[in-house]
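Student: This is the structure I want to talk about, given as structure tokens.
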Amino acid sequence: MRRIGLIFNEQKKDVLQTAQYLIQWLEDRRVKVFLTEDHQKALGKADAERFETTVADNVDCVLVLGGDGTLLSTARALAVKGTPILGINMGQLGFLTEIELPSMFEDLELLLRGEYLIEERMMLEARVVRNNTTVDRFLALNDVVVTKGSFSRMIYLETYVSQHYVDTYRADGLIVSSPTGSTAYCMSAGGPLVSPEVEVMIIVPICPHTLYARPLVVASHQEIKVVVRSKLADVAVTVDGQHGVKLEENDEITVGKAPFKTKLIRLKGRNFYEVLREKLRGEGGGAYG
């Protein structure tokens, strides 16, 4: 890894200073660091090498300095190119990030020595169909969520799996999660934790107004379709909690396995179950702010 892109969340406390230290440390080891145009301006490095996240064909990997949200947005941007991503936690939980700040330079030595693995994560592809026309299309690493808006009113979501009718959920919303997203909103809504090695999709109703509505796990080759059957409700679909689109009555949201995967760099040989213990029981040493 001698050509490394750097993405960071400019809203995080001390991130600019940390980015400066990181760039200097890498350059001292003869690593070329590439920045986006916005990050060049933020750091005052107009002469730095530049890369675009939608292309990223001039870097070997991308370091993400921030929290899980920054990594999620980077994963969607880099999905088509399949550029490997290494997350450095400056957020709170940091479930997807690999490195904590106190051990950043020590861990990056492993990267430069080639002591790492690349873990591929299944992504979701979703479409919004209105009057038989696709009006929006997007990728997600964690989840696609159909949810009610500002009014405290149930919505009606007619749900199908591979054209087979499942149910019309009366609920606050519906989550379609990837295995990676099973530790996020899916878990908070009562869904199962799923190893990222298992390629499935998880359907989780949010606060359903019925006792029998439970999470449903389906095969990744299937297609999930959700039809909005609410006339007066404010309904939207969100992707990874970041990108949102307002929906209308009879809009269809289809979700399936994407043809792309997110490639995450793993350094320490920790397995999924160790990360579960550390992060979900509060044993991780992530930075806050």
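Placed from the backbone N, Cα and C atoms, the Cβ positions cover glycine too.
Automatic, uncurated: that is what TrEMBL annotation is.
In case it's useful when we look at the structure, here is the feature table from TrEMBL:
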- D68, G69, N142, D143, R153, R170, D172, T183, A184, Y185, C186, M187, S188, Q242: NAD(+) binding site (BINDING)
- D68: active site, proton acceptor (ACT_SITE)
Student: Where does D68 (NAD(+) binding site) sit in the DSSP three-state scheme?
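Tutor: Helix, per DSSP.
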Student: Take the Cβ of D172 (NAD(+) binding site) and count every other Cβ within 10 Å, whichever protein chain it belongs to.
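Tutor: Looking across every protein chain shown, the total is 18.
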Student: With every protein chain in view, how many other Cβ atoms are within 10 Å of the Cβ of N142 (NAD(+) binding site)?
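Tutor: I get 30 for this one.
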Student: Hey, what's the widest CA-to-CA gap across D68, G69, N142, D143, R153, R170, D172, T183, A184, Y185, C186, M187, S188, Q242, the NAD(+) contacts in the record, in Å?
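Tutor: Roughly 31 Å, rounded to the nearest whole number.
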Student: Using DSSP reduced to three states, classify N142 (NAD(+) binding site) as helix, strand or coil.
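Tutor: The three-state answer is coil.
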Student: Using CB atoms and a 10 A radius, I'd like the single residue among the binding-site residues A184, C186 with the highest neighbour count.
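Tutor: Output for this query is C186.
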Student: Counting every protein chain present, what is the number of Cβ atoms, excluding its own, within 10 Å of the Cβ of R153 (NAD(+) binding site)?
Tutor: 13
